[in-house]
Amino acid sequence: MKWSRCFGFVWLLSTILLLCLTARAQLSADFYSTTCPKLLQIGCDASVLLDGSGGEKFAFPNINSARGFEVVDAVKTAVESQCSGVVSCADILAIAARDSVLLSGGPSWKVQLGRRDGLVANQTGANLALPAPTETVGVITAKFAAVGLNITDVVSLSGAHTIGLARCATFNDRLFNFSATGAPDSTLETSMLSELQQLCPLTDDGNKTAVLDRNSVDLFDNHYFQNLINNKGLLGSDQVLYSSNEAASTTRSLVQSYSSNQNLFLSDFANSMIKMGNISPLTGSAGEIRKNCRVINS
């Protein structure tokens, strides 16, 4: 899997993980400078990586959308060969998120390190805390505010949808009988609507996928915001950032700014990723350093 294709799942995972942690301590960019000095040349709580039917991999937003777990496995194996039992899966995930953005044409930032891995996967927590594709601007911003993130963070981090895929099940409510009106979502551009209706018929199981950033699939850029202005946002939670009544006084102006100023978007995105990465990670003696990212240590 190319890193550019990998990022869509990495950002989603990071969002889930970092929204669901409890407060511990500060992180440090040079945390592994002595214990694993070659870490960054090789290659949050990481609970989403755990296997099991009750795990976060099977939360609604993640099914068939959160992918690339084998990439994390490969990186973990390489890291373990250099410094066994030192680097957490959570930190590997944070580094992978930054590197995948950079390799896709996006910005870089200094990743704060020192996270430890959680012991429990929380599917219920992931379903409740992660913004859903059908939610309003108000609900989404409230979920971000609950963990110390503001409206700028909401819009800039939503821009991560410039990379990645989403299942039909996450947006097919917009295609046929939107809000029980008997008609499709009027904020969905007509040619895109027609294509999506063919991809995701009512008789389908909802597991096919569509690209989140139409016509700019593998490049980390501001095209996602240009799509919103042209009614080509895939998820309802994307399009409402521009088209909803709530957006007029909250998120719309940022969408407009990012659509015309890519450097502003990239700068704000990097800053928001740093903020998100510092949301109450497990550190110190909490959690563990997993040997295998898919299971807790025995």
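Glycine residues also receive a Cβ, built from the backbone N, Cα and C atoms like all the rest.
Residues or ranges marked as signal peptide by TrEMBL: 1-25.
Look at TrEMBL and you will find Gly43, Asp45, Ser47, Glu56 tagged as Ca(2+) 1 binding site.
If you take every residue in the domain 'Plant heme peroxidase family profile' (43-297) and average the pLDDT, you get 88. Among the features that TrEMBL reports, domain 'Plant heme peroxidase family profile' is placed at 43-297.
For Cys89 (disulfide bond), the number of other Cβ atoms no farther than 10 Å from its own Cβ, over all displayed protein chains, is 30. Sequence annotations record features per position, and here TrEMBL assigns disulfide bond to Cys89-Cys293 (among others).
Under 8 Å, Cβ to Cβ, and six or more positions away along its own chain, Pro131 (substrate binding site) finds Val139, Ile140, Lys143, Phe144, Ser237. According to TrEMBL, the feature substrate binding site maps to Pro131.
Its Cβ taken as reference, His161 (heme b binding site) is surrounded by 24 other Cβ atoms within 10 Å in the chains shown. As annotated by TrEMBL, heme b binding site applies to His161.
Marked as Ca(2+) 2 binding site by TrEMBL: Thr162, Asp213, Asp221. Listed in sequence order, His161, Thr162, Ile163, Gly164, His223, Tyr224, Asn227 are the same-chain residues at least 6 apart in sequence whose CB falls under 8 Å from the CB of Asp213 (Ca(2+) 2 binding site).
For Cys168-Cys200 (among others), the entry in TrEMBL reads disulfide bond. Neighbours of Cys200 (disulfide bond), defined as other CB atoms within 10 A of its CB across all chains, total 23.
Counting only same-chain residues at least 6 apart in sequence, those with a Cβ under 8 Å from the Cβ of Cys168 (disulfide bond) are Leu196, Leu199, Cys200, Asp204, Gly206, Asn207, Lys208, Thr209, Ala210. In sequence order, Gly159, His161, Ile163, Ser216, Leu219, Phe220, Asn222, His223, Tyr224 are the same-chain residues whose CB sits within 8 A of the CB centroid of Thr162, Asp213, Asp221, the residues recorded for Ca(2+) 2 being left out.
Residue density at Asp221 (Ca(2+) 2 binding site): 18 other Cβ atoms are found within 10 A of its Cβ, drawing on all protein chains shown.
For the pair formed by Cys293 (disulfide bond) and Asp221 (Ca(2+) 2 binding site), distance between Cα atoms is given as 31 Å, rounded to the nearest Å. All chains included, 29 other C-beta atoms sit within 10 angstroms of the C-beta of Thr162 (Ca(2+) 2 binding site).
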